[in-house]
Amino acid sequence: MSSIYLGVNIDHIATLRNARGTKYPDPVHAAEIAERAGADGITIHLREDRRHILDRDVRILRETIQTRMNLEMAVTEEMVEIALKTKPEFVCLVPEKREELTTEGGLDVVGQLDKVKAATQKLTEAGIKVSLFIDADRQQIEAAKQCGAPFIELHTGHYADAETEEEQQAELKKIAAGASYADDLGIIVNAGHGLTYHNVAPIAALPEIYELNIGHSIIGRAVFDGLEKSVAEMKALMIAARK
């Protein structure tokens, strides 16, 4: 079975810091600990409203991350320019609404194909690997292929939010089918959103999944168990699911 990688999202370290307008806890320190514990990459979402990660964080993390930076961002001119200036290893294009608590669904690539394609091409030309955060829908996967994105990240939020075992299994089947279809098209498949220590194994077991991006559940557990232990435990669960 192939390896699976963990990208740790540290947005909520910044959320905690910004709640009091202090300089601590610092996402830069969190990234260092996560990497030490086995994280294969660090994911941050620079939102247009700067509600958690700040421009300062992006700049410093770009210099200090030892693994790879995955910058999540909306498809806007401002964000594309920031990415071109920062040059992270990866950019994940995501939908964004100011009123949402967190990203609510996948990017509608079909509905804004030209816009997403233009951003993807511009970032790719700068040597940045682009991923599109989409639902496990064939049309969206095909549109991602049209855009020239080498990666997609399948939205696992509906799977994570399922209230019954039957609903969860139905969502898992959709994700599995989407991952298989994208793999057939030559797209590398990541996944994430709402994944926890209790629901990660079935997603991690899907052979096409290259990387999982997980944040909230890891940071939540870190409050009680410490960040290093929490990252290591998540990575261990993912690896065990592949055996």
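From the backbone N, Cα and C atoms, a Cβ is placed for every residue, glycine too.
What Swiss-Prot records for this protein:
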BINDING   ASN9, ARG20, GLY194, GLY215, HIS216  3-amino-2-oxopropyl phosphate binding site
BINDING   ASP11, HIS12, ARG47, HIS52, THR102  1-deoxy-D-xylulose 5-phosphate binding site
ACT_SITE  HIS45  active site, proton acceptor
ACT_SITE  GLU72  active site, proton acceptor
SITE      GLU153  site 'Transition state stabilizer'
ACT_SITE  HIS193  active site, proton donor
Residue pair GLU72 (active site, proton acceptor), HIS45 (active site, proton acceptor) - Cα distance, angstrom, rounded: 4
Euclidean distance between Cα atoms of the residue listed as 'active site, proton donor' and ASN9 (3-amino-2-oxopropyl phosphate binding site), Å: 10
Residue from HIS12, HIS45, ARG47, HIS52, GLU153 whose C-alpha is spatially nearest that of HIS216 (3-amino-2-oxopropyl phosphate binding site), among the recorded positions: HIS12
ARG20 (3-amino-2-oxopropyl phosphate binding site): secondary structure state under DSSP, collapsed to three categories: helix
Distance in Å spanning the most remote Cα pair of ASN9, ARG20, GLY194, GLY215, HIS216, given for 3-amino-2-oxopropyl phosphate: 25
Residue, out of the binding-site residues GLY194, GLY215, whose Cβ gathers the largest set of other Cβ atoms within 10 Å: GLY215
Residue among recorded positions HIS12, ARG20, HIS45, HIS193, HIS216 with least C-beta crowding, 10 angstrom cut-off: ARG20
Rounded distance in angstrom between the Cα atoms of GLU153 (site 'Transition state stabilizer') and the residue listed as 'active site, proton donor': 9
Neighbourhood of ARG47 (1-deoxy-D-xylulose 5-phosphate binding site) by C-beta distance under 8 A, where only residues 6 or more apart in the same chain count: ILE53, ALA74, GLU96
From ARG20, HIS193, GLY194, GLY215, the recorded positions whose CA lies within 10 Å of that of HIS12 (1-deoxy-D-xylulose 5-phosphate binding site): GLY215
GLY215 (3-amino-2-oxopropyl phosphate binding site) to HIS52 (1-deoxy-D-xylulose 5-phosphate binding site) - Cα separation in whole Å: 13
